[in-house]
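Chemist: Dropping a structure here in C-alpha cells format, bear with me for questions.
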Amino acid sequence: TPVSALLHSSTMVVAGIFLLIRIHPLLSQNSTALTTCLCLGAVSTLYAATCALVQNDIKKIIAYSTSSQLGLMMVAIGLNSPYLAFFHICTHAFFKAMLFLCSGLIIHSLNDEQDIRKMGGLQFALPMTSTCLSIGSFALMAMPFLAGFYSKDAIIEAANTSHVNSTALLFTLIATAFTAVYSMRLIYFTSMSSPRTKSVILYEENDPNILNSLTRLAIGSILAGLLIFYITFPDHPIVLTMPSHMKLTALIVSMIAFYIAHDLAYTSWTTYPSKYTTSKKLNPLFFNQIIHRTSSDVVLNSAGQIVGHLLDSLLLKKFGPDHVKHTQLQPTKVVQMSQTGLIKTYLSVLLITLSTVILLLQLV
C-alpha cells in the first residue's frame with residue numbers, strides 16, 4: 001500500500017501528464033493535438049469514474065479514481081492550461097496518498113479484507129483513519145477550501161469559459177458527479193452504519209509512524225491547495241467576470257450527486273454479502289468443468305495452430321527473413337563485383353571520385 005500511495009499519487013502514473021506539461025510549448029499552437037488531449041481526457045475521466053462506481057474492492061475504487069483524475073489533467077492540457085494540470089498533480093498527490101494509506105490500514109486491521117461490503121462502523125473502531133478517509137474523499141470531490149477544490153474547480157471553470165467541445169464538457173461534469181457518488185459510497189460502506197465484520201478482529205491504529213503520516217497528509221489535503229496556488233501560478237491579472245451559475249457548476253454537480261448517493265445508500269444500493277460463498281469454479285452448477293474446459297481447450301488450441309501456421313507461412317516467409325534475403329541479394333552481388341582485391345581498381349575509383357568532387361566544387 002505505501003508503494004501504491006507513491007505510484008498512484010505523484011510518481012509513475014502522472015509521468016505522462018508531466019511529460020505533456022513539459023512539452024506543452026510544442027502543443028500550444030497545434031489545435032489538433034489540443035483537441036486530441038481534450039477528447040482523450042474527457043473519455044478517460046468518465047470511463048474510469050464509471051468503473052469506480054461498480055467496484056467493491058476498496059483499493060480498486062481509489063485506483064480507478066486516480067485514472068479519472070488523470071483524465072481531468074488531460075482535459076486541462078487540452079484546454080491549453082498546463083498550469084492547471086500541474087496544479088492538480090500537486091494537490092492530488094496529498095489526498096490520494098492519504099486515501100491509499102487509509103485503505104491499507106483498514107485492510108490490515110480487517111485481517112486482509114478488501115471488500116467494502118464487509119466493512120462498516122469504522123468511525124468508532126478506527127476514528128483517525130475514518131476521519132482522514134473522509135477528508136481525502138471530500139478533497140477528491142472538490143469540497144470548498146480543501147486541496148482539490150482549488151485545482152479541480154479551476155479546471156472545470158476553464159472548461160466552462162472556453163470554446164470547448166460541449167460533449168467533452170458534459171463528460172467532465174458527469175465524471176465530477178460520479179466522483180461524488182463513489183466517494184460517498186466509499187465513506188458509507190467503510191465508516192458509517194453498523195460493523196459487518198467478525199467480532200474477533202482486533203482494531204489498532206496507535207502506531208505513531210502511521211498516525212504521523214496520516215496527520216501530515218491530512219494537513220496537506222486541507223492547506224496545500226491554497227499554498228500551491230500562491231506558489232505555482234504566474235501573477236497574471238485575474239478576470240472576475242464569470243457568471244455565478246458557471247462559477248458554481250462543479251460545486252452544484254458534486255453536491256447533487258453526493259445527496260443522491262447518500263439517498264441511494266439507505267434505499268437501493270449494493271447490499272453486503274450475507275454469507276461467504278465458495279468460488280465459482282467450485283460450483284458445478286455455475287462452471288461445468290468437463291464442457292467448459294474441453295470446449296475452451298479445443299477452440300483455443302485450434303486457433304493457436306491456425307494463427308501459428310499463418311504467421312510462419314505468410315508473415316515470416318513472405319515478409320520476414322526470406323524477404324530480407326531476396327531483397328538484399330542483388331545489392332550484395334553488385335558490391336561484391338567491385339571488391340576485386342586489385343590495387344589498380346581501388347586507385348582508379350579514388351581518382352574518379354576525387355576528380356568528380358573537385359569538378360563539382362569548381363562549378364559551385
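We count from 1, first residue shown onward.
Cβ from N, Cα, C; glycine included.
Copied straight from TrEMBL:
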DOMAIN    1-178  domain 'NADH:quinone oxidoreductase/Mrp antiporter transmembrane'
TRANSMEM  7-27  transmembrane segment
TRANSMEM  33-54  transmembrane segment
TRANSMEM  61-79  transmembrane segment
TRANSMEM  85-110  transmembrane segment
TRANSMEM  122-147  transmembrane segment
TRANSMEM  167-189  transmembrane segment
DOMAIN    182-360  domain 'NADH dehydrogenase subunit 5 C-terminal'
TRANSMEM  210-233  transmembrane segment
TRANSMEM  245-266  transmembrane segment
TRANSMEM  345-363  transmembrane segment
Chemist: The transmembrane segment (7-27) and the transmembrane segment (61-79): do they have three or more Cβ pairs under 8 Å, with pairs 6 or more apart in sequence?
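Modeler: Contact criterion met.
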Chemist: Could you pull out which residues elsewhere in the chain have a CB under 8 Å from any CB of the transmembrane segment (85-110), counting only those six or more residues past its ends?
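Modeler: Here the qualifying positions are 1-2, 4-6, 8-10, 14, 17-18, 20-21, 58-59, 62, 65-66, 69, 72-74, 76-77, 118-119, 122, 125-126, 129, 132-133, 135-137, 139-140, 146-148, 150-152, 154-155, 190, 197, 201-205, 210, 213-214, 217-218, 220-221, 224-225, 228-229, 232-233.
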Chemist: Cβ under 8 Å, sequence separation of at least 6 from the ends of the transmembrane segment (122-147): give me the contacting residues as numbers and ranges.
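Modeler: Cβ under 8 Å, 6 or more out: 65, 69, 91, 94-96, 98-99, 101-103, 105-106, 109, 153, 176, 179-180, 183-184, 186-187, 190-192, 195, 203, 205, 211, 214, 217-218, 220-226, 250-251, 254, 258.
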Chemist: The domain 'NADH dehydrogenase subunit 5 C-terminal' (182-360): mean pLDDT?
Modeler: 78
